Amino acid sequence: MGYYSLTEITAVQYAKDYGYFEEKANVICHEIGDGNLNYVFKLDDGEKSIIIKQALPYAKVVGESWPLSIKRATIESKALQIFAQYVPDYVPVVYSHDEELAITVIEDLSRLTITRKGLIDGEEYPLLSQHIGRFLAHVLFYTSDFGLQSEEKRILEGTFVNPDLCKITEDLVFTDPFGHYDTNDYEPDLQLVVDELWSDKTLKLKVAQYKYKFLTRKETLIHGDLHTGSIFSSPSETKVIDPEFATYGPFGFDIGQFIANLLLNALSREEEKRSVLFFHIEKTWSYFVETFTKLWIGEGVEAYTKEKQWLPIILQNIFTDAVGFAGCELIRRTIGLAHVADLDEIENKETRIQAKKQALSLGKELIKYESKSADIQLFRTLFQQTVSRGVKA
């Protein structure tokens with residue numbers, strides 16, 4: 001039959017055909033996706049529920065003028081299954097994958113809240129940083145040369161060649177926001193700040209280096225899009241979703257993206273409500289280091305993991321990369337194609353423009369920063385310096 005796009009009606013029939021519901025069951029189906037690339041259907045018969053996710057052959061945010069391979073759905077399904085090998089508590093269960101229709105049937109997580117929405121609404125997730133720190137440590141370690149035999153790693157790397165979505169990252173994170181490109185999207189009040197950013201040669205040279213790292217450093221399996229909209233949370237649970245951008249890349253990429261999105265939320269808050277975001281930034285790194293170190297000592301398969309001086313160098317390199325990648329993400333989410341609600345939904349225009357200017361300023365500081373040590377307090381320090389300088393609307 002070949003590929004076809006599901007509707008709410010055909011999604012129900014698909015689920016019945018594959019035995020998820022009885023043929024006579026009264027199944028309620030709603031398309032609930034708010035992302036840029038896929039359809040997401042929730043199906044519920046009153047007793048059980050599932051999620052059907054289907055990749056579209058184009059970017060939904062743009063339309064059919066931006067074609068994409070539906071093979072990314074297979075990559076997403078494989079990534080979730082690999083994550084589940086190491087951290088099953090932190091990902092949804094994958095029930096099945098249909099490669100021809102680019103459909104993945106997964107656990108319904110509607111008992112939880114998308115973390116971005118929860119943070120905007122002022123919800124608190126005390127275990128978020130512990131869970132994400134441990135998720136990152138396990139996945140990044142076990143799919144790298146440190147936790148996986150080199151021949152196995154090369155084979156695994158080959159299954160995550162993801163050209164379409166890597167090209168999106170290359171363009172939308174590292175290229176377009178730093179020059180005159182049609183994909184950029186920002187308010188006219190930011191034009192002077194944007195012009196200054198685009199003319200900053202030192203900044204562009206640093207961004208070029210971070211882009212080159214993303215292009216060439218195939219160090220470990222990365223989620224590739226680990227922002228707070230790709231995580232479900234409750235006070236006791238955390239689930240990472242949507243790894244369709246998964247590929248082999250730099251250790252620091254996912255860490256930097258996650259931290260950047262916490263910083264964006266902090267910029268949207270009043271000063272007295274920001275401390276919880278810095279708690280999560282600092283704890284994410286500390287749990288990552290603690291867990292990664294234990295795995296390195298106890299599970300390392302690469303010969304030089306026995307050299308005590310090697311681990312601190314690796315952690316410093318990861319931290320340095322995370323800082324720069326976080327800076328790129330801050331700028332991309334402020335003036336690039338895909339914004340975040342944390343900033344865009346600030347109702348007061350003056351406050352919103354001020355927060356966006358501060359995001360751009362902080363992004364530049366992080367990209368240019370030459371870190372000499374893996375001091376996680378750096379994010380709090382540069383944030384406070386940026387805000388106190390009085391970047392005004």
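Cβ coordinates are placed from backbone N, Cα and C, and glycine is handled just like the others.
Some features that Swiss-Prot has for this protein:
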{"type": "BINDING", "residues": "Asn38, Lys53, Glu107, Asp108, Leu109, Asp242, Pro243, Glu244", "note": "ATP binding site"}
{"type": "BINDING", "residues": "Asp225, Arg332", "note": "substrate binding site"}
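Mapped onto this structure are the features recorded in Swiss-Prot.
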residue: Asn38; record: ATP binding site; contacts (Cβ under 8 Å, 6+ apart): Lys53, Gln54, Ala55, Leu56, Lys60, Ala73, Glu244
residue: Glu107; record: ATP binding site; contacts (Cβ under 8 Å, 6+ apart): Ile50, Ile51, Pro92, Val93, Val94, Tyr95
residue: Asp108; record: ATP binding site; contacts (Cβ under 8 Å, 6+ apart): Lys42, Asp44, Ser49, Ile50, Ile51
residue: Leu109; record: ATP binding site; contacts (Cβ under 8 Å, 6+ apart): Ile51, Pro92, Phe232, Lys239, Ile241
residue: Asp225; record: substrate binding site; contacts (Cβ under 8 Å, 6+ apart): Thr169, Asp242, Pro243, Glu244, Phe245, Gln257
residue: Arg332; record: substrate binding site; contacts (Cβ under 8 Å, 6+ apart): Leu172, Val173, Pro177, Ala338
Can you tell me whether DSSP puts Arg332 (substrate binding site) in helix, strand or coil? helix
Over all pairs within Asn38, Lys53, Glu107, Asp108, Leu109, Asp242, Pro243, Glu244, the annotated ATP binders, what is the largest Cα to Cα distance, rounded to whole Å? 18
Other than its own, how many Cβ atoms are within 10 Å of the Cβ belonging to Asp242 (ATP binding site)? 23
For the binding-site residues Lys53, Pro243, Glu244, work out the Cβ neighbour count at 10 Å and name the residue with the minimum. Lys53
